[in-house]
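Below: one structure, written as structure tokens.
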Amino acid sequence: EQQAPVPSWGLARISSRARPGNYSRQPFTYPASAGQGVAIYIFDTGINIAHKDFNGRSEHGTATCTPRCHPTADIDGHGTHVAGTACGTKFGVAKRARCISVKALDDGGQSRTEELLKGIEWIVNRVQRRPNERAVVNMSITTGDDKALDGAILTMAYEFGVVVVVAGGNGGMSACFKSPAKIGHFGTPVITVGASDEVDALTMFSNYGPCVSILAPGTNIISAAGNSTTGSVFMTGTSMSTPHVSGAAALLLSDNPKLTPMEVKERLIDFATPDIVSDAVYETPNKLLFVGQG
């Protein structure tokens, strides 16, 4: 299938090997299955499920930040934007996947380890009850060194077959100092995402280094707004890069449901466009996400 014109330069970029001269003329090409049969868990500030871009394909799963936060509404807007990039009809990569809200961040975007761990536990329980549905977890979150969180994520990936995609973080430093970004290094099934910009440079803010697995567009990304049913908003960060990769993982799993998380990671990296991003320094893998036929 093809989407043209694209609302976001990110969709255009991941659909082309070379950088398009004009993003608005580059269609987004994706398989007809479009992520059908895959659940993308949005581990974030909530999802505004009434937004038209989800077309009924998003739902409230759980909120582990209560009573500190609203149990369903996305007051912050971050989670809705991330979900729109993963599975929105217009703004999203996987246009037929389901997006399930795991509200583990409060209304100011803050998290506590025990609430994050509860969210992971909820996902694992749900995944075990749904053997025919493949699962991707999008974690556009970064914290300090958190061994309990890292361990729970690795268990979810290794033991329960969940593809976990995490943000590299926005500190302009090595991702190897941050959780869960640090567990995206070679040899684990976890995918850590760094941010590229409109001219194929690693952004100034993106964390970098060997714990990053892959790069994806992360500046001035337009997606669904948290505070209206039709609105859109621009956001920047590795949080925006991450759902491009989660959506791409859902596209792969929709057509190849038997793939393990490690195989999904390897395929995404193998299929990525190599050596096109400038400033990918300090052992950052020079691999730009690619979804498409070009």
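Including glycine, each Cβ sits where the backbone N, Cα and C put it.
Source: prediction; values computed, not measured.
Listed features, source TrEMBL:
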DOMAIN    35-272  domain 'Peptidase S8/S53'
ACT_SITE  ASP44  active site, charge relay system
ACT_SITE  HIS78  active site, charge relay system
ACT_SITE  SER239  active site, charge relay system
Measure from the Cβ of HIS78 (active site, charge relay system) and count the other Cβ atoms within 10 Å, all protein chains considered. 22
Which value does the mean pLDDT take for the domain 'Peptidase S8/S53' (35-272) in this predicted structure? 97
